Each structure stands twice: as structure tokens, then as C-alpha cells.
Amino acid sequence: MKTDEISRLLVLINLAEFLPPPYGGLENMVCQPVWNSFLLRYSQSKDNVITIVLSTIYTSGWVGIGFSRDGMMINSSFMAGWVTPAGHGKIKQYYVEGFTPSKIIPDKGELSLTSVPPLIYRQGATVYLAFQLKYPTPLKTQPMLLAFSTKYPQHHHLTAHEDKTTIKFDFSSGSPFAVTATPNNYNSSKTHGVLGFILGLAGVVLGIQLNNKLQPDIPGHQGIGILILVLSTLQVLAFFVRPDIDSKYRKYWNYYHSWVGRTALFFGALNIVLGMHYAGAGQGWKISYEFILASTMLACIILEMLLRLKKLDEPTLPSNYAMNTI
């Protein structure tokens with residue numbers, strides 16, 4: 001049976017037949033397929049209490065739903081539950097401090113759970129994860145993480161997920177929409193790094209040949225050339241140790257990569273000026289280079305401004321996502 005057919009059948013199930021209140025009798029319940037066989041039911045009251053029931057096909061292991069400010073795993077809080085082989089249901093809140101099991105902390109998180117106990121219940125081949133949250137204002141668009149594993153947690157420490165996804169869910173309209181995945185630019189990034197390194201290396205090799213032929217006394221020009229080669233090599237090597245996009249260290253790597261690249265470009269432009277000066281280049285060469293350099297700098301400034309404006313225009317979570325530590 002296809003996933004969409006399973007989801008349609010799950011929609012028709014009456015939760016009141018096996019789930020206790022308030023989960024079994026949701027008023028104005030919204031029911032929406034969100035991912036694979038995952039089905040999200042929820043009801044948001046006038047006093048901003050949200051009752052959530054997440055269901056999916058289940059055989060073993062754990063099922064989880066997380067809430068995140070930015071759609072990333074790090075610093076997210078989520079509810080995970082499982083039914084043991086003996087039939088006992090377990091459900092806990094977790095806080096993600098890292099990617100290793102020891103960094104996914106049980107009984108900790110920022111979800112503002114109400115006094116209604118969360119529960120997990122297995123009905124046939126379907127498992128139901130239910131909990132209730134309280135917010136100061138109506139919840140609107142919310143990045144959420146959905147994940148599962150067929151392996152059971154060990155001493156309440158979750159095993160690695162086998163699959164996960166990130167969505168944004170509009171609780172005001174009941175509409176989910178997938179978070180636009182970051183394009184896989186691995187090949188483009190690799191080409192960019194290799195090409196820059198080859199061009200820098202070619203310049204150094206050509207410089208060594210000229211030095212052997214002319215024997216000039218220009219230590220400044222030579223030293224800057226070697227510095228540029230070192231910076232280019234560091235840039236290429238840094239690519240192989242780039243942290244995952246979800247890693248808390250990724251922003252530091254981005255700072256390093258950006259500023260080492262800018263430094264290399266600055267000294268490269270400076271070294272060209274020194275080279276033209278020592279070579280006695282004509283006025284035409286100098287004017288042409290000044291035009292190219294000015295055009296490049298102007299393009300960089302415009303692109304940097306457009307990038308910052310784009311970041312400012314990116315949607316952010318409403319202020320009502322202020323979470324309280326349990």
C-alpha cells in the first residue's frame with residue numbers, strides 16, 4: 001500500500017476510541033500528512049494551548065518530532081517515544097546539544113509542556129505520540145524536525161536516526177511546506193578551490209622561472225607570492241575538514257574560510273601592483289589593471305550587500321516561540 005493511501009486511512013481513524021482526553025477528543029482538529037506515513041493532528045485553543053498527536057507506521061525503535069528556531073538539529077527540543085517489546089510505552093523530551101548520543105540529553109528541553117502527561121500508544125501497526133504545549137501567543141509558522149529509528153534507545157539514550165526531515169508547519173492554516181534544501185554544491189565548491197589553487201601555483205612556478213632567469217632583488221614581491229601560495233594551500237586543505245552544516249562549529253569555519261580568502265585576494269592584488277612596478281609596465285597596463293581592480297571591488301561590494309539584504313529578508317520565527325526550560 002502506498003504512503004498516501006496509508007495516510008488517508010489514518011485520517012479516518014477515531015482517536016477517541018483508544019486515546020484518553022484531551023488527545024482522543026480534539027475540538028476543531030486539523031489533520032495533515034507531513035512526511036512519508038507521518039500524520040500530524042493538532043488543535044489550538046483560544047488560550048494558546050496546542051494539543052498535538054503525531055502518528056506513523058511503527059514496527060520497532062523510536063519516533064520523534066522536534067521544534068527548532070532555525071530548522072537545524074543543534075539546540076532543538078523534541079519529543080521522542082517508543083513502545084518496548086513488552087508493550088510498555090516510553091516518551092521523553094530531549095535537548096540536542098550535539099550529534100553524538102551523549103549530546104542528546106533526555107529529560108531536558110525548552111518545550112513548554114502543560115500539566116497534561118504526554119503519552120505514546122500503539123494501535124495495531126500505528127503508533128501515536130501525543131503531548132500538549134502552552135504558548136503566550138498563537139503559534140504560527142514553526143520549523144519542525146521529524147525522525148525515526150528502528151533501533152530501541154539504550155537506557156533512554158536515543159540511537160542514531162535512520163532518516164529525518166525538516167519542514168515548516170503553519171499552525172494558523174494547517175499547511176506544511178518543506179524547507180528548501182540547500183543545493184548540493186560539493187562539485188562546484190571543489191572546482192572553485194582546485195581552480196584557485198592551480199592558478200596560484202602556476203603564478204608561483206612562473207615567478208620562480210623568472211627569478212632564475214633574471215635574478216632580481218625583490219624580496220617583498222617574492223615573499224608575498226609565497227604567502228599567497230600558503231594561504232591558497234590552507235584554503236584547499238580546509239575544504240576537507242569542513243564541518244557539517246548543522247554543526248555548531250560551521251560558522252567559525254565560514255569565518256576562517258572567508259577571511260583567509262579575502263586576505264589572499266588582497267595580497268594577490270598588491271603583488272600584481274608590485275610586479276608591474278618592478279617590471280616597469282607602461283601606463284596602458286596600469287590603467288587597465290586599475291579598471292579591472294575597481295570593477296572587481298565594486299562587484300564584491302554589491303554582492304556582499306545583496307547577500308546581507310537577503311539574510312534580512314529571510315523569515316524568522318515569531319516572538320511567540322519563546323520556550324521555557326522544563
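Positions of Cβ are set from backbone N, Cα and C atoms, glycine also.
Taken from TrEMBL, the feature domain 'DOMON' applies to 36-151.
Annotation comment: TrEMBL describes 102-312 as domain 'Cytochrome b561'.
What TrEMBL records for 49-67 (among others) is transmembrane segment. Within the same chain, residues 6, 10, 15, 19, 22-23, 26, 36-43, 73, 76-83, 85, 94, 96, 111, 114, 122, 125-135, 139, 142-153, 158-159, 161-162, 171, 321, 323 sit at least 6 positions outside the transmembrane segment (49-67) and bring their C-beta atoms closer than 8 Å to a C-beta of that stretch.
The feature transmembrane segment is assigned by TrEMBL to 193-210 (among others).
For 222-242 (among others), the entry in TrEMBL reads transmembrane segment.
According to TrEMBL, the transmembrane segment annotation covers 263-281 (among others). Below 8 angstroms of C-beta separation, residues 200, 216, 218, 220-221, 224-225, 227-228, 231-232, 235, 289, 293 of the same chain, each at least six residues beyond the ends of the transmembrane segment (263-281), sit close to that stretch.
Residues 269, 272-273, 276 of the same chain lie 6 or more positions beyond the ends of the transmembrane segment (287-307) yet place their CB under 8 Å from a CB of it. The transmembrane segment feature in TrEMBL is assigned to 287-307 (among others).
Beyond the transmembrane segment (222-242), the same-chain residues lying 6 or more positions past its ends with a Cβ under 8 Å from any Cβ of the stretch are 189-190, 193-194, 196-197, 200-201, 203-204, 207, 211, 250, 253, 256-257, 260-261, 263-264, 267-268, 270-271, 274. Per-residue confidence over the domain 'DOMON' (36-151) averages out at a pLDDT of 87. The DSSP breakdown of the domain 'DOMON' (36-151), given as helix, strand and coil counts, is 3 helix, 64 strand, 49 coil.
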